[in-house]
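Here is what Swiss-Prot says about this protein:
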{"type": "TRANSMEM", "residues": "20-40", "note": "transmembrane segment"}
{"type": "CARBOHYD", "residues": "ASN55", "note": "N-linked glycosylation site"}
{"type": "CARBOHYD", "residues": "ASN58", "note": "N-linked glycosylation site"}
{"type": "TRANSMEM", "residues": "90-110", "note": "transmembrane segment"}
{"type": "TRANSMEM", "residues": "120-140", "note": "transmembrane segment"}
{"type": "TRANSMEM", "residues": "143-163", "note": "transmembrane segment"}
{"type": "TRANSMEM", "residues": "177-197", "note": "transmembrane segment"}
{"type": "TRANSMEM", "residues": "203-223", "note": "transmembrane segment"}
{"type": "MOD_RES", "residues": "SER274", "note": "phosphoserine"}
{"type": "MOD_RES", "residues": "SER278", "note": "phosphoserine"}
{"type": "MOD_RES", "residues": "SER297", "note": "phosphoserine"}
{"type": "TRANSMEM", "residues": "323-345", "note": "transmembrane segment"}
{"type": "TRANSMEM", "residues": "365-385", "note": "transmembrane segment"}
{"type": "REGION", "residues": "395-416", "note": "region 'Disordered'"}
{"type": "TRANSMEM", "residues": "435-455", "note": "transmembrane segment"}
{"type": "TRANSMEM", "residues": "462-482", "note": "transmembrane segment"}
{"type": "TRANSMEM", "residues": "490-510", "note": "transmembrane segment"}
{"type": "TRANSMEM", "residues": "516-536", "note": "transmembrane segment"}
{"type": "CARBOHYD", "residues": "ASN560", "note": "N-linked glycosylation site"}
Amino acid sequence: MAPTLATAHRRRWWMACTAVLENLLFSAVLLGWGSLLIMLKSEGFYSYLCTEPENVTNGTVGGTAEPGHEEVSWMNGWLSCQAQDEMLNLAFTVGSFLLSAITLPLGIVMDKYGPRKLRLLGSACFAVSCLLIAYGASKPNALSVLIFIALALNGFGGMCMTFTSLTLPNMFGDLRSTFIALMIGSYASSAVTFPGIKLIYDAGVSFIVVLVVWAGCSGLVFLNCFFNWPLEPFPGPEDMDYSVKIKFSWLGFDHKITGKQFYKQVTTVGRRLSVGSSMRSAKEQVALQEGHKLCLSTVDLEVKCQPDAAVAPSFMHSVFSPILLLSLVTMCVTQLRLIFYMGAMNNILKFLVSGDQKTVGLYTSIFGVLQLLCLLTAPVIGYIMDWRLKECEDASEEPEEKDANQGEKKKKKRDRQIQKITNAMRAFAFTNLLLVGFGVTCLIPNLPLQILSFILHTIVRGFIHSAVGGLYAAVYPSTQFGSLTGLQSLISALFALLQQPLFLAMMGPLQGDPLWVNVGLLLLSLLGFCLPLYLICYRRQLERQLQQRQEDDKLFLKINGSSNQEAFV
């Protein structure tokens, strides 16, 4: 039996804490591809694509034939070669594509039906993916193709859990961007999961046993969702103020309630307690003819409940807004830069160390451990996105009816919308500076310096998703958050498919040297500064509009003696 929204709100801290842990262990684990790749090679996936040259024996590691022949090596008794790398990288491309692209239909479904069913489906798909990899490892020569299906289900299931967890911050009010960043930080840190599994694997535990146990743990996610997540979507702070201490059962609708339903119910009750219908209807007609709002309490509730259609932009209007379009450019460039590095990291390291597999394995483990930085760094962007918003909220909550002299002496407060845009501009500018720094370190063929590249890669990956999520939550209606985030993820995932031809170009014509690919990606990453530059211009536009409104209010006050333009006389 699914709990009510009121029950879910009481359990919000438990749900948030478990969601962070579940994201860490079961969401975007494919981001730890470097460690999984080593284990798949050691288990013989697509090893049959490699042919052993005559001058290579079983004891040779990294042995090469004559210059005209392909380089091969042995890993745990299985052959490893370039053809195997290309096929497994293609499987990673498919899985990482679904990890992002599936968010559009997920967002549409979640906005309409809520996160519960999607989270149940995601945990089940993740468990099936683990079992498929384990089954493929039992007969790799015949069942290697299962890795494509398994990684596809892994990406789909992981994104279901990640995406549904992004609705939980709606229950935390002004801290919503911070909690979104925390969820995204745990999602980004899930890249540490496969390095952790690799440590268990290196300790001698069977690969199949590890995956079966992991699939069983995914069942716990299913049970947690079944008993704690409600059927209805979580209403945003603008739709429901959870801080109001009221028992919904007093009003008779504790079972299913959203912000709009609450106001509708209160309006209905208000009508019954109001003045006679004949008196109210006459005033309504006069007000509608003259274009004014009514001050009657019951009608005022209804009037204030209806402007959502006028205030909230349509979905298509949001899609073609400059902020969304420029955020797509930023995400496409950043996603391609990050995904290419994750997919090609082992080969890049192998090029730097001339094929030393032990050193490659060591640096891959270091990269995996550093993914935990996302849990610490991602909330920083969320904090930047929430910077001083509480002061703006306090300003809007002050009583409106004050003397003119008191109004002039009152301390000037920040405009909430302008503060949101300012925070987003700072977040994206800082993130893109780090992305450019990451591109510069990738150009330097120095092995110890790659640790700095690992750190910058991890920080940027956590920052960019947190910044985009916080921007969408701040600028667009909560009912469009899932669809817009899904659209952004789909387009950036399609663009990130270019990482496969870039990988083939690096391994083929460039003979494993990533220099020119990194140069091109560095130049492309400069496009990410378009969004913060536009946000600067947009902020100035909002400031001019605010100044004009303030001047109009002063003029109205001077003429009428009151700043209330909604009074009906």
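Yeah, the Cβs are placed from backbone N, Cα and C, and that goes for glycine too.
Under the criterion of 3 or more C-beta pairs below 8 Å, with sequence separation of 6 or more, the transmembrane segment (462-482) and the transmembrane segment (90-110) qualify as touching.
Packing against the transmembrane segment (490-510) from elsewhere in the chain are residues 82, 85-86, 89-90, 93, 96-101, 103-104, 328, 331-332, 334-336, 339-340, 343-344, 347, 516-517: each is 6 or more residues past its ends and has a CB under 8 Å from a CB in it. Counting same-chain residues at least six beyond the ends of the transmembrane segment (177-197), those with a Cβ under 8 angstroms from any Cβ of the stretch are 16, 19-21, 23-29, 31-36, 39, 158, 162, 165-166, 168-169, 210, 214, 342, 364-365, 367-369, 371-383, 385-386, 458, 461-462, 465-466, 469-470, 473-474.
Against the transmembrane segment (516-536), stretch 435-455 has more CB pairs under 8 A than any other of 20-40, 120-140, 203-223, 365-385, 435-455. Only sequence-distant pairs (6 or more apart) were considered; of these, at least three Cβ pairs between the transmembrane segment (20-40) and the transmembrane segment (143-163) are under 8 A, so the stretches are in contact. The list of residues near the transmembrane segment (203-223) in space but at least 6 beyond its ends in sequence, with Cβ under 8 angstroms from a Cβ of it, reads 22, 25-26, 39, 42-43, 119-120, 123-124, 126-128, 130-131, 133-134, 137-138, 161, 197.
Beyond the transmembrane segment (365-385), the same-chain residues lying 6 or more positions past its ends with a Cβ under 8 Å from any Cβ of the stretch are 20, 24, 31-32, 34-35, 177-182, 184-192, 194-196, 198-199, 345, 420, 423-424, 426-427, 430-431, 451, 454-455, 458-459, 461-463, 465-467, 470-471, 474. Within the chain, the transmembrane segment (323-345) has long-range Cβ neighbours (under 8 A, six or more residues past its boundaries) at 31, 33-34, 89, 92-93, 96, 100, 191, 364, 367, 428, 431-432, 435, 438-439, 442, 453, 457, 460-461, 464, 468, 471-472, 475-476, 484, 488-489, 491-493, 495-496, 498-500, 502-503, 506, 514, 517, 521, 524-525, 527-528, 530-531, 534-535, 538.
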